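Visitor: Quick one: the structure is below, questions incoming.
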């Protein structure tokens, strides 16, 4: 076909032509990346809560299938371990978690006690006042504290008893999990429960304090008292001090806590972050598409 036979495209044809608008694509990509970055904490926290809920549900399922005699035998071993324990805890300077100076004298393997699963799952911690429902694991290594609450080895296993003091610790300020973020909101009189091997222990907060890492007196057992302390780092992001929330056992166990024993955890609500993420993707795609349609495709 000769050049004289070529015709300009009609306005309708030109309107239907599309060309990739590179500049708009770059701007839209930056916008989308920023939107998804802002949504990351909510997204990661939702998945963390979902996985924690599944783990807690597994605890109840596992325990319901176990023989009562086996459960009582395992609890008896934990009590024996505690009786043989001489311990306290050290809040190491510059560390995110406490360390232990406890020593056990009965030769029992700590990791085999209160063992619900092979990944170190021990029990469940519920703090209604701050909407916490988390799995408890053996130990306080970094991997453990990314998944939930860690029990400080060398302090009493959380099975209760006179002159016993259990220490549980969790992170604050993780970008992908809530954990103990709201622990500073607890006040004297608030309660929490610990579930282990089909039993529930109720505790009422009697003291909250912020201490330096070398101030450890409040973590040692006190004669005749059944205590549990929740530990996290403070101030948020600096971790120069430790916040301690100490609670004393409530006896008899409140009926509402007995009724809630083994109750299925609440699954996180609708993931609204997915709606916003989808809207951001669609908005960016529409922007690029319509920008491409307005390119002048008139041939020479």
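A Cβ is built for glycine as well, from the same backbone N, Cα and C atoms used for every other residue.
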Visitor: If TrEMBL is the reference, give me the range from 20-40, 41-61 marked as transmembrane segment.
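Guide: Result: 20-40 is the stretch TrEMBL calls transmembrane segment.
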Visitor: Would you count the other C-beta atoms found within 10 angstroms of the C-beta of residue 233 (active site, acyl-thioester intermediate) for me?
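Guide: For residue 233 (active site, acyl-thioester intermediate), the count of other Cβ atoms within 10 Å is 25.
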Visitor: Measuring Cα to Cα, how many angstrom lie between residue 171 (active site, proton donor/acceptor) and residue 233 (active site, acyl-thioester intermediate)?
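Guide: Between the alpha carbons of residue 171 (active site, proton donor/acceptor) and residue 233 (active site, acyl-thioester intermediate) there are 7 Å.
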Visitor: According to DSSP, which kind of secondary structure is residue 171 (active site, proton donor/acceptor) found in, if we only use helix, strand and coil?
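Guide: Residue 171 (active site, proton donor/acceptor) sits in coil per DSSP, no helix or strand.
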